[in-house]
Amino acid sequence: MARENHSLAAEFILIGFTNYPELKTLLFVVFSAIYLVTMVGNLGLVALIYVERRLLTPMYIFLGNLALMDSCCSCAVTPKMLENFFSEDRIISLYECMAQFYFLCLAETTDCFLLATMAYDRYVAICHPLQYHTMMSKTLCIRMTTGAFKAGNLHSMIHVGLLLRLTFCRSNKIHHFFCDILPLYRLSCTDPSINELMIYIFSIPIQIFTIATVLISYLCILLTVFKMKSKEGRGKAFSTCASHFLSVSIFYICLLMYIGPSEEGDKDTPVAIFYAIVIPLLNPFIYSLRNKEVINVLKKIMRNYNILKQTCSIANLFLIY
């Protein structure tokens, strides 16, 4: 019991960006702006998809859930990081560590499966357009989305639960800007071999399965596109897949670089910033700027807003006179 209490009472210090005290204010402003734009962009995209009925198709349902998970990822990491810029102690408890890692792992794992389902959706749309509504029914879409969330939740709970078997009696300084699981293992005085084994057992198969799904889907798409005789058809197919392929490439390159072997946590910081903070910022723009349907819906909303604004102005004039 004493050992368990010692583990649960542990507190850690997030070193973060303390090596750059002269840039503290600038970094706070930059990351605050990124956080604000990320939340507005992702939650705005979610609202747009679920309010506009014609966007309630499998592709946009997956996209809306991806945006929701990007918001979750940003919320898990950024607020505590911003607080620590002006905090004297920068302390985080084990409970906070577990919660932070749980939501981050949930978001990243669910993202992996959602990106794979989006690749499969594009494969069906381009390679089997006549059977699309049969092969990608709303029921299947909901099941795939629910499955992605369940897998993310289970994966997170396993790793967070295994943290309870560790005790921390070494340095309590985490050389990172958030409470990631690998830096925690370095501080454990209990052998974390079982925890590390669970990463290999669960995380690596998830990566292999989702990456293989994406690669096979795009290989089939490329073979189908090259067989198309119409240049317009090829252009439309490439345009449909370009944003998703760009997002997938950035996500997996950063993720694979981050989970690669590293002895010091601070060496992971630049890559972690990119995959935990920058990617959630970029995704709404990657998917929206090249998407005619989303742009048309935005234009429609802006037109309605301008009409409403003009109507209110005219009504105010009548009230004045």
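Every residue, even glycine, has its Cβ placed from backbone N, Cα and C.
Same-chain residues at least 6 positions away in sequence with a Cβ under 8 Å from that of Cys179 (disulfide bond) are, in sequence order, Phe12, Leu14, Ile92, Glu96, Cys97, Gln100, Phe101. For Cys97-Cys179, the entry in Swiss-Prot reads disulfide bond, with the evidence type sequence analysis.
The N-linked glycosylation site annotation in Swiss-Prot covers Asn5 and rests on sequence analysis.
Among the features that Swiss-Prot reports, topological domain 'Extracellular' is placed at 1-25 (among others), with the record citing sequence analysis.
Residues or ranges marked as topological domain 'Cytoplasmic' in Swiss-Prot (evidence: sequence analysis): 47-54 (among others). Distant neighbours of the topological domain 'Cytoplasmic' (47-54): 60-61, 63-64, 67, 293-294, 297-298, 301; these residues of the same chain sit at least 6 beyond its ends, with a Cβ under 8 Å from one of its Cβ atoms.
Sequence-remote contacts of a segment are chain residues at least 6 beyond its ends whose Cβ falls under 8 Å from one of its Cβ atoms, and for the topological domain 'Extracellular' (76-97) they are 7-18, 24, 27-28, 31-32, 34-35, 38, 103-104, 107, 163, 168, 174, 177-179, 184, 276-277. Among the features that Swiss-Prot reports, topological domain 'Extracellular' is placed at 76-97 (among others), with the record citing sequence analysis.
Annotated topological domain 'Cytoplasmic' per Swiss-Prot: 119-139 (among others), in sequence order. Panel annotation: around the topological domain 'Cytoplasmic' (119-139), residues 58-59, 62, 213-214, 217-218, 220-221, 224-225, 237, 240-241, 244, 248 of the same chain, lying at least six beyond its termini, place a Cβ under 8 Å from a Cβ of the stretch.
The average pLDDT computed for the topological domain 'Extracellular' (161-205) is 86. Residues or ranges marked as topological domain 'Extracellular' in Swiss-Prot: 161-205 (among others).
The topological domain 'Cytoplasmic' (227-240): residue composition by secondary structure is 11 helix, 0 strand, 3 coil, according to DSSP. Sequence annotations record features per position, and here Swiss-Prot assigns topological domain 'Cytoplasmic' to 227-240 (among others) based on sequence analysis.
Swiss-Prot lists 262-268 (among others) with the feature topological domain 'Extracellular', giving sequence analysis as the kind of evidence.
Taken from Swiss-Prot, the feature topological domain 'Cytoplasmic' covers 290-321 (among others), and the record attributes it to sequence analysis.
The annotation transmembrane segment is assigned in Swiss-Prot to 26-46 (among others) on the grounds of sequence analysis.
What Swiss-Prot lists as transmembrane segment is 55-75 (among others), and the listing cites sequence analysis.
The transmembrane segment annotation in Swiss-Prot covers 98-118 (among others).
The transmembrane segment annotation in Swiss-Prot covers 140-160 (among others).
Long-range contacts of the transmembrane segment (206-226) within its own chain (CB-CB distance under 8 A, at least 6 residues past either end) are made by residues 109, 112-113, 115-116, 119-120, 122-123, 126-127, 151, 155, 234, 237-238, 241, 245, 248, 252, 255-256. What Swiss-Prot lists as transmembrane segment is 206-226 (among others).
Taken from Swiss-Prot, the feature transmembrane segment covers 241-261 (among others).
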Do the transmembrane segment (26-46) and the transmembrane segment (98-118) come together with 3 or more C-beta pairs under 8 Å, pairs six or more apart in sequence?
no
Going by DSSP assignments with H, G and I as helix and E and B as strand, what are the residue counts for the topological domain 'Extracellular' (161-205)?
25 helix, 2 strand, 18 coil
Can you count the other CB atoms that lie within 10 A of the CB of Cys97 (disulfide bond)?
24
Surrounding residues of the transmembrane segment (269-289) on its own chain - C-beta under 8 Å, 6+ positions past either end:
31, 34-35, 37-38, 41-42, 44-45, 63, 66-67, 70-71, 73-74, 77-78, 104, 108, 176-178, 180, 243-244, 246-247, 250-251, 254-255, 257-258, 295, 298
Cβ-Cβ under 8 Å with the topological domain 'Cytoplasmic' (227-240): same-chain residues at least 6 beyond its ends:
122, 125-126, 221, 290
